[in-house]
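J.: Copying in the features that TrEMBL gives for the protein in this structure:
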type	residues	note
TRANSMEM	B:51-73	transmembrane segment
TRANSMEM	B:85-107	transmembrane segment
TRANSMEM	B:113-130	transmembrane segment
TRANSMEM	B:165-190	transmembrane segment
TRANSMEM	B:211-233	transmembrane segment
TRANSMEM	B:253-279	transmembrane segment
Amino acid sequence: MNTPAMEAIGLTRRFGGLVAVNDVNLALHVGELHAVIGPNGAGKSTLTNLLSGELRPSAGRLLLHGAEVGDWPSWRFARAGVGRSFQQTNVLKPMTVRENVRLAAQARITPLRRYLQVVTGEHAPTEAAEAALTRVGLGALTGRTAGTLSHGQLRQLEIAMALAAGPTVLLLDEPLAGMGPEESERLAGLLKELAADHAVMLIEHDMDVVFAVADRVTVMVDGQVLEQGAPAAIRGSAAVRDAYLGHAA
Amino acid sequence: MLTVAGRTGSIVLGCAALAVASLPLFASPYHLELVSTAVVFAMFALSLQLLVGVTGLVSLGHAAFFGVGAYAIHLMGAHGPSISVLITLPAAVLMSGLAALAVGALALRTRNFFFLMTTLAFGQMLFFVFHDTPLGGGADGVFVTRPTFSLFGLEWVVSRQDRPAVMLFVNLGVLVAMYLGLAGLLRTMFGRALLGIRANEHRMRSMGFHTYWLQLGAFTLAGALAGVAGHMWGMTQAFVSPELLAWHRSAEALLMILLGGLGALHGPILGAFAWVGLGEIAQLITERQRLVEGLVILAVVLGLRHGLAGIRVPSLRRAMPQAEPATRAEEVSP
């Protein structure tokens, strides 16, 4: 198989005595939507934070396109094409929706001297921002202040911000939580679409969504990978049903 | 978020600038010098607004760069013949900018309370450099030869009677240029990134911004602009003293921002004028000047959430019902 866009090998993160992520192996490929599921406290968000450089691994390796990136700061991940959304909404609240997304797209602009251009200048990423907003369905709200958006709209904005920078790897931490059913369905379709030319990791609680869109599923329990495989195999796994799906059923 | 005055606000500000420029027609030299002081303070507070209101960094060491800019005149040629302002001003910018670069490079490794204390410490260090070493020329301050208005041997000689008016014009011109420059900066991608850092630094970093360098750029620029203000102070007064670098000057500038409005670029300008005017009036009516100042600041903070810049004329608003409040203080986005 070709080199994964992102690969974790024995990735481990400890917080004092707690091992939040324990010896996780995971490969994200372009063209694949990789869902990570598991009960609360399984270490899914910590894993996202490790893969995006928010946290440093305590042990193990992290590869981006085959290169070691475990000691990179978070801003380098973003510049190298790793986009992420946050589980707890994390946007620039006093700024407009358009501005939030434009800044996300601007972050990858180099050289820095272009920064002295006005935001309407030719190198400004206005179009990329508009395109990302239209794609997630916020095209009509670009002028609104981000702090005034509803919960579901903020989730959409998070995805647009992750998209705007043109990433190759997308790490989405419960992007659909709190969204209305219609929007949720629309965005699930968008995720599927994005997986065609991105390596997408999706953390999601809604099993219907997961099994509808995922190409590959990893089940985490207590920081460890319990099972990894195609959705059908996961659905059939007795261990998974026991540890996780059983509670829901 | 920090806003730049919209059309109505810009007209009001422009009229205010014209009013100040017309003062020499009827005001006394004393009052011209007083207004000149307010204009220089306005530059200083405006330079601090780039840190506080734009980038979200509260510094207690900003006066150090103001003082370095003022001392630049002394350092450039303390006892020799006077030098052209075209040399002293760039020198002041360079010296204060370099000082800010050095201080910022270290202080920006800390945040919030620790940033406040680190900038305070560096500010005091610079204060003692000019207070206690031969570099400053004495703890009580030193007279400086005013820079001249000369270019390639051509000199515009300003008479003693004309000087207060001329200095007022020059200071006002520098203030207007600084304000327009900063308003322009806020429309660039650099300016937007700084505003983003104030809004949510963590998110900006995870979006891919190297926030340290952006903040260091803002800190250096703010220091250099404070140096411009300090230079204009020294040129206006022909006297510089270590007290210019003292921490309470930094605190005073923060008070001006608070008084004028944290959320508007022109807030510090209003605040500086209010501060100087307040001191003057308080002095007239009582010996307890500080008490009056304190009470007024308290009243403004409690009563005007957005400072003086937040005051709107109600009749104007009613006269233009179609205009949303946003057009009055437009966000800087185009």
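Each residue's number is its place along the chain shown, starting with 1.
Every residue gets a Cβ built from N, Cα and C, even glycine.
Keep in mind it's a predicted model, so treat the numbers as computed, not measured.
Buried or exposed, and what's around them? Tell me for each listed feature.
T.: A Cβ distance under 8 Å defines the sequence-distant neighbours of the transmembrane segment (B:165-190), meaning residues of its chain 6+ beyond its ends; these are 2, 4, 17, 20-21, 23-24, 32-33, 35-36, 39-40, 42-43, 46-47, 49-50, 54, 158, 214, 217, 225, 228, 232, 235-236, 265-266, 269, 332, 334.
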J.: Thinking of Cβ pairs under 8 Å, which stretch from B:51-73, B:113-130, B:211-233, B:253-279 has the most of them with the transmembrane segment (B:85-107)?
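T.: Result: B:211-233.
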J.: Could you name the stretch, out of B:51-73, B:113-130, B:211-233, with the greatest number of CB pairs under 8 A to the transmembrane segment (B:253-279)?
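T.: Answer is B:51-73, with the largest number of Cβ pairs below 8 Å.
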